[in-house]
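A.B. asks: Please see the structure below; I have some questions.
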Amino acid sequence: MLRTHTCGELRLQHIGISVTLCGWVQKIRNKGSLVWIDLRDRYGITQLILEEHITAPEILSQVQHIGREYVIQATGSVIERSAKNPSMPTGDIEIEVKSLTILNTAKTPPFLIEEQTDGGEELRMQYRYLDLRRPPLQKNLLLRQLVAQHARAYLEQHHFVDVETPLLIKSTPGGARDFVVPSRIHPQQFYALPQSPQIFKQLLMVAGLDRYYQIAKCFRDEDFRADRQPEFTQIDCELSFVTQADILHIFENFTKYIFEATIQVRLDKFPCITYAEAMQKYGTDKPDIRFGMRLIELTELVKNSEFPLFKQAKLIAGICVKGCADYTRKQLDDLTEYIKKLNLVTSGLVYVKYLADGSFNSPVSKFYDVEQLTLWAKQMHAVPGDLLLILAGEIEATQIALGSLRLKLRDELHLVSKDKFAPLWVVDFPLLEWNEESQRYVSRHHPFTSPKQEDIELLSTKPETVRANAYDLVINGMEIGGGSIRIHDRALQEQIFNVLGFSEEEARQQFGFLTDAFEYGAPPHGGIAFGFDRLCAIIGREDSIRPFIAFPKNNAGRDVMMKAPSTITEQQISELGIILSK
């Protein structure tokens, strides 16, 4: 070993011993006859001291040529610091240097490698190996490792078996686009990278493995949005002979265990609400329940009026913003513009200020008298000083628009703390949704999700009303995990394929291996997958998943460090039998 200790472990009890440290130069303070060097590794920082008449002249001379981020080895004695630094774990001691070796030089970094840096995100991604030297990112990667460690411990304690599934698989329809990989050996044929190990984990249940898990890489060729990664990691799980209630119980306890083991936070029992309730109360299937401001329906109260924006609306609903009756015209205009940009409702944003003296200020006052507005306020649990914001339109569009407005106000008014965690289960999702572009039903989750037993007969008459045996785990408005009870009966699976518009031949070609497997004794089974990157970000109290991924892509899906994606050589193109269109 080139060192005897790390830069984070020496304390007062080590005074008098000779040690050798290795690391990067964080900072140098040169007073001429006295030089201090802060030496850093991933364990911490230790101060080195070099002093005229004590340190050898050749070492003092050598120090004049050392810069930030040089890699050095220093040997010396541990001594007590005269001016202690209580903010550093090693702040009571320093190393009186006896010998020093430069292990490698370093160019001046393009940004500060410190707790707080001056580098922009794109620059730091270009030099990710330098950004990863910074303590916050190293702390995030260590947290990620800790979450994985505890996840494995819990699952293996509960008899789950870790099984690796293939990364080169068959491309199947549905969901996001696949990343495809051309086969050189089989010209004009392609593999796909898995969007999830879904089919393989179901086949493992058919194989009798009973309980499976995997921390799995997944790939989705989606249009890029902020904080989406084309490759991401799932904690993927599947179980045989279970009900939905069993899975919710096991993985609620799993989540509680992870939070307590990693950050010593004890979570209360998770509430469970239906998809319909989530949309009705929060305007989203991923509700943040850390704060109130629930959606309140006003349709029956206001529909019999001459106010044109309300006359044709299927839903009229609003939110009560506590203590914001003093919002300015500009603030209200900004909210109106925000709603307009969502392009969900044709009506504008209607506001009602419930003033401190009990009167109302609203552009709808000419259509509704004080008595009617008082009923609105009562329905919305408003008191003087509150602001009512109301939208009207189609049911789902109005709910979604109000849900988005609710979250915008959450952020503007700083209504929540990242230190508070509010998990809940959302269940009873629609099994199918109608796609206008393709003029067919598509699976809301995937085509292997089981419908609720009592809704199966509706598949042939009202497919859009069928509910799924599906569930999502949501924490602080983020979907952390999702899963379902799967179909294990061939006839029902083929019926679902038919409702989705697959011909018998298409279904056979794409999924025949799965339906064949169901004929050999497939057990009832279900599962769940956690977004591992998102789980780490929530636990780490960050909004973005990027700080918890060692080498992430940017918002355009590019690796700006390796310059990927990139072109390939003509020889590679020729070997793959690919013709590129211009």
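Any Cβ shown, glycine's included, is placed from N, Cα and C.
Marked as L-aspartate binding site by Swiss-Prot on the basis of sequence analysis: ARG220, HIS445, ARG486. What Swiss-Prot records for ARG220, ASP221, GLU222, GLN229, GLU479, GLY531, PHE532, ASP533, ARG534 is ATP binding site. Residues or ranges marked as region 'Aspartate' in Swiss-Prot (evidence: sequence analysis): 198-201.
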A.B. asks: Determine, using Cα-Cα distances only, which of these binding-site residues is closest to GLU479 (ATP binding site): ARG220, HIS445, ARG486.
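C.D. replies: That would be HIS445, the closest of ARG220, HIS445, ARG486 to GLU479 (ATP binding site).
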A.B. asks: Six or more residues out from either end of the region 'Aspartate' (198-201), which same-chain residues have a Cβ under 8 Å from its Cβ atoms?
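C.D. replies: Apart from its flanks, the region 'Aspartate' (198-201) reaches 165-166, 169, 172, 212, 214, 236-238, 446, 448, 511, 514, 527.
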A.B. asks: Mean pLDDT for the region 'Aspartate' (198-201), as a whole number?
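C.D. replies: Computed over the region 'Aspartate' (198-201), the mean pLDDT is 96 on the 0 to 100 scale.
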A.B. asks: When you measure from the Cβ of PHE532 (ATP binding site), how many other Cβ atoms are you left with inside 10 Å?
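C.D. replies: I get 26 for this one.
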A.B. asks: Given the binding-site residues GLU222, PHE532, ARG534, find the one whose Cα is closest in space to the Cα of HIS445 (L-aspartate binding site).
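C.D. replies: Spatially nearest to HIS445 (L-aspartate binding site) by Cα position is GLU222.
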A.B. asks: Largest pairwise Cα distance, Å, within the listed L-aspartate binders ARG220, HIS445, ARG486?
C.D. replies: 22
A.B. asks: Is ARG534 (ATP binding site) helix, strand or coil when read with DSSP?
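C.D. replies: Note: ARG534 (ATP binding site) is helical by DSSP.
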A.B. asks: Can you grab the distance from GLU222 (ATP binding site) over to ARG486 (L-aspartate binding site)? Cα atoms, rounded to a whole Å.
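C.D. replies: Here the two Cα atoms are 25 Å apart.
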A.B. asks: C-alpha of ARG534 (ATP binding site) to C-alpha of ARG220 (L-aspartate binding site): distance in Å?
C.D. replies: 16
